[in-house]
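J.: Relevant sequence annotations retrieved from TrEMBL are reproduced here:
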- 6-27: transmembrane segment (TRANSMEM)
- 39-57: transmembrane segment (TRANSMEM)
- 69-88: transmembrane segment (TRANSMEM)
- 100-122: transmembrane segment (TRANSMEM)
- 128-149: transmembrane segment (TRANSMEM)
- 161-183: transmembrane segment (TRANSMEM)
- 195-215: transmembrane segment (TRANSMEM)
- 227-248: transmembrane segment (TRANSMEM)
- 254-272: transmembrane segment (TRANSMEM)
- 284-306: transmembrane segment (TRANSMEM)
Amino acid sequence: MLSNFLVCVWAVLPLFILMLIGAAVKWKGLLTAEEVSRLNHMIFIVCYPCMMFENLYGADLAQAFNLRLILFGVGSVLAVCAVSIPIVMKLEPSQRSRGAMIQAIYRSNFIIMGLPMAINVYGRGNVAVTAVLIAVVVPLYNVLAVVILEVFRGGKPDVKTVAKGVVTNPIILGAIAGLFFVFTGIRLPAAIETVIGDLSVTATTMALVVLGASFSFQSLGRCRRNLVICVTGRLIVVPGIFLTVAAAAGFRGVAFVSLVSMLAAPTAISSYTMAESMGSDGELAGNCVIFSSAFSCLTLFLWLFLFRNLGMF
C-alpha cells in the first residue's frame with residue numbers, strides 16, 4: 001500500500017509543484033499576462049513538437065503502435081462528445097455557452113498534464129505508446145472543437161480550414177517527423193539529438209510553470225454553475241466511467257496509464273483560445289481550464305492510487 005501511494009505521489013507531485021512555482025512567479029510580478037501568453041505560444045510552436053519527436057524517435061514501433069489502445073482512445077473521445085451534447089443542451093439554454101461546455105468536458109490537457117505524468121510513472125524512454133496515442137487523439141480533439149464551436153454559434157464548419165489546422169499543427173508535425181525516422185531508421189547527429197532532448201524537457205517544465213502563472217480566481221462571475229458541471233464531468237465522471245471500462249477490457253501497464261493520462265487530465269488550455277477566437281463563451285472556457293487544472297492534482301492522484309491498488313499498472 002505504501003509503495004503504491006509513493007508511486008502515485010511522485011507521478012503527480014512534480015506537476016503540482018511546477019504549477020505552484022508558476023503561480024508564485026505571477027504573484028511576484030515576474031511575468032505579465034502578455035508575457036505568459038507569448039511564452040505559451042513559443043512552447044506550443046517550438047517545444048511541444050520536440051517532445052513529440054523525442055518520444056517517437058528511435059522507438060520500437062511494434063510496441064509503440066497499440067491499435068486496440070488507439071481504437072479505445074478514439075472511441076472514448078467520440079462517446080464523451082456524443083453524450084455531452086444532449087446533456088449540455090438540456091442544462092444550458094445559451095448557444096454561446098454550450099459549445100464551451102462540451103469542449104471543456106471532452107477535451108483533456110493530454111500533452112501538458114497527461115504525458116508528463118506517464119513519464120513520471122514509467123520513465124522518459126518508455127512512453128512511446130502514449131506519444132502515438134497523443135498523435136491520434138489531438139487531431140481528433142481539434143476537429144471536434146472546430147465543428148462543435150462552429151455549429152453552436154450558428155455557422156457551418158469549413159472542411160478546408162479544419163483539414164489545414166490539423167496538418168499544420170506543430171504537435172502533429174513533430175509526431176510525423178518522429179515516425180519518419182522510425183520507419184527509415186535514419187539517425188540524427190548527436191548534437192541535434194541533444195538539442196531536441198533539451199527542448200523536450202523544457203516543454204514539460206515550462207508549460208506547467210506557465211499554466212500556473214495563468215491561474216486567476218477572480219473571474220468566476222456568472223458561470224459558477226456551468227463551471228461546476230464542466231469540472232465535475234472532466235475530472236470525475238469521464239474518468240470514472242471510461243477507466244472502469246478500460247480496466248474491464250483488460251488494458252494494463254503503460255497502456256492503462258496512457259488512458260489515465262488522456263481521460264483524467266484537466267481541460268486543455270487550447271480550448272480557451274479556440275472558444276475566444278470562435279465566438280464562444282471565453283470566460284467560461286478559461287475558468288474551466290484554470291479550475292480543472294487546479295483540482296486535477298488531487299483527482300489525478302486519487303485515480304492513480306485507486307487503479308494502482310487494483311493492479312492495473
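Backbone N, Cα and C atoms are what each Cβ position is placed from, and that goes for glycine too.
Keep in mind that TrEMBL annotations are predicted by a computer and have not been checked by a curator.
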J.: Would you kindly check 6-27, 100-122, 128-149, 227-248, 284-306 and say which stretch has the most C-beta pairs under 8 angstroms to the transmembrane segment (254-272)?
T.: 100-122
J.: Taking the transmembrane segment (227-248) as the reference, which of 69-88, 161-183, 195-215 gives the largest number of Cβ pairs under 8 angstroms?
T.: 69-88
J.: Give residue numbers and ranges for long-range contacts of the transmembrane segment (161-183): same chain, 6 or more residues beyond its ends, CB-CB under 8 A.
T.: 44-46, 48-59, 61, 64, 111, 131-132, 134-135, 138-139, 142-143, 146-147
J.: Any chance the transmembrane segment (6-27) and the transmembrane segment (128-149) have 3 or more Cβ pairs under 8 A, given the pairs are 6 or more apart in sequence?
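T.: Counting Cβ pairs under 8 Å (6 or more apart in sequence), the transmembrane segment (6-27) does not reach the transmembrane segment (128-149), since there are fewer than 3.
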J.: Apart from its near flanks, which chain residues at least 6 from the ends of the transmembrane segment (128-149) lie with a Cβ under 8 angstroms of it?
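T.: Contacts with the transmembrane segment (128-149): 52, 55-56, 59-60, 63-66, 69-70, 73-74, 77-78, 81, 85, 99-100, 102-103, 106-107, 110-111, 114-115, 118, 157, 161-162, 165-166, 169, 171-172, 175-176, 178-179, 254-255, 257-258, 261-262, 268, 271, 274-275, 278-280.
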